[in-house]
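One structure below.
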Amino acid sequence: MKIAVLPGDGIGPEIVAEAVKVLNALDEKFEMETAPVGGAGYEAEGHPLPENTLKLAKEADAILFGAVGDWKYDSLERALRPEQAILGLRKHLQLFANFRPAICYPELTGASSLKPELVAGLDILIVRELNGDIYFGQPRGVREAPDGLFKGAREGFDTMRYSEPEIRRIAHVAFQAAAKRGKKLCSVDKANVLETFQFWKDIVIDVSKEYPDVELSHMYVDNAAMQLVKAPKSFDVIVTGNMFGDILSDEAAMLTGSIGMLPSASLDANNKGLYEPSHGSAPDIAGKGVANPLATILSAAMMLRYSLNKAEQADRIENAVKKVLAQGYRTGDILTPGCKQVGTREMGEAVLAAL
């Protein structure tokens, strides 16, 4: 089994290194090949997603991704900025389903920004559609306004759109995920304002007929944002579009105490996937050895479960992380009184020891 390892920028190389150590400690034979991506790709090849990196990603059975982005690239034209690498990989590999779990471990309830009783036992899965919506809809750009109150003025415009096949496939993925969990699915939309999401709602309702054992509910995105803070444990699986999912999954991340704890998976129709932590490249702490590697290590566990069919090994890693937390090891982002503060490498070593 071949794994493409794409560390990226900022803290990416540090946290990916710890996940690779954990994978190497398993009783499995993985072929792991590393390639530059993001700012590192731009420095090496003049493009955030070099041809050889894309070729490797296409050939691999799964991709372990770090993070991309750095302020020093903000002056580049948009097509050359590091963040275009992840968008390019999603597009070329047809990664349409993003899984973002938000789990609050018992030991970390004190690190959450909410009261412990609101988040204790929290286990949400957000299923986000990745290939459509306003992020990719055409046409888009800057032009002279052709009509309206400010006709002739410069305006920016984007297009929100979803096709029926796009909605159906993400709905099926979400219903199947809910069927394996608490059998509750909440579809988040803005059907009261947007035609696109009235259409979304209609299609999701139609797909629901194939899953009679799953309870389907609907919620407007503004209310969903409020309920995630007010009563987060009322959710099990949430399915939504690209932009809403982008925002809600980051909000849900902070319910858990730190975005540094949350893995994610982006899958194609055959469960080949790209696995990455939910956080960014954090260039302000890069090289300091203080970043939390647990989200990346847990992303490696998701990779084993969804793309490599190694569920038992995934369980081993997840249980090792739970053990390390129970032992009181904490990086700075999840530190609470009475716990032992460690750095990136020490946290990785603790997980290895727990394995």
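Backbone N, Cα and C define each Cβ position, glycine as well.
These come from Swiss-Prot:
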| type | residues | note |
| --- | --- | --- |
| BINDING | Arg90, Arg100, Arg128, Asp222 | substrate binding site |
| SITE | Tyr135 | site 'Important for catalysis' |
| SITE | Lys190 | site 'Important for catalysis' |
| BINDING | Asp222, Asp246, Asp250 | Mg(2+) binding site |
| BINDING | Gly280, Ser281, Ala282, Pro283, Asp284, Ile285, Ala286, Gly287, Lys288, Gly289, Val290, Ala291, Asn292 | NAD(+) binding site |
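All features noted in Swiss-Prot, drawn onto the structure.
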residue	record	CB count, 10 Å
Arg90	substrate binding site	20
Tyr135	site 'Important for catalysis'	16
Asp246	Mg(2+) binding site	17
Asp250	Mg(2+) binding site	16
Gly280	NAD(+) binding site	17
Ala282	NAD(+) binding site	23
Ala286	NAD(+) binding site	18
Lys288	NAD(+) binding site	13
Val290	NAD(+) binding site	18
Asn292	NAD(+) binding site	26
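According to its DSSP assignment, Ala282 (NAD(+) binding site) is coil. Each of the binding-site residues Asp222, Asp284 was scored by how many other Cβ atoms lie within 10 Å of its Cβ, and the smallest score goes to Asp284.
Counting other Cβ atoms within 10 Å of each Cβ, the lowest count among the recorded positions Arg100, Arg128, Lys190 belongs to Lys190. Considering only the recorded positions Arg100, Tyr135, Ala286, Lys288, Val290, Asn292, the residues lying within 10 A of Asp250 (Mg(2+) binding site) on a C-alpha to C-alpha basis are Arg100. Excluding Asp222, Asp246, Asp250 themselves, the residues of that chain whose CB lies within 8 A of the CB mean position for the Mg(2+) site are, in sequence, Val221, Ala225, Met243, Phe244, Gly245, Ile247, Leu248, Ser249, Glu251. Whole-number maximum of the Cα to Cα distances across the NAD(+)-binding residues Gly280, Ser281, Ala282, Pro283, Asp284, Ile285, Ala286, Gly287, Lys288, Gly289, Val290, Ala291, Asn292: 16 angstrom. Closest to Gly280 (NAD(+) binding site) in space, going by CA atoms and restricting to the recorded positions Arg100, Arg128, Lys190, Asp222, is Arg100.
The secondary structure of Arg90 (substrate binding site), as reduced to three states from DSSP, is helical. Distance between Cα atoms for Ala286 (NAD(+) binding site) and Asp222 (substrate binding site): 35 Å, as a whole number. Asp246 (Mg(2+) binding site) falls within a helical segment according to DSSP. The two recorded residues Arg100 (substrate binding site) and Asp246 (Mg(2+) binding site) have their Cα atoms spaced 10 Å from each other. Maximum C-alpha to C-alpha distance over the listed substrate-binding residues Arg90, Arg100, Arg128, Asp222 is 27 Å.
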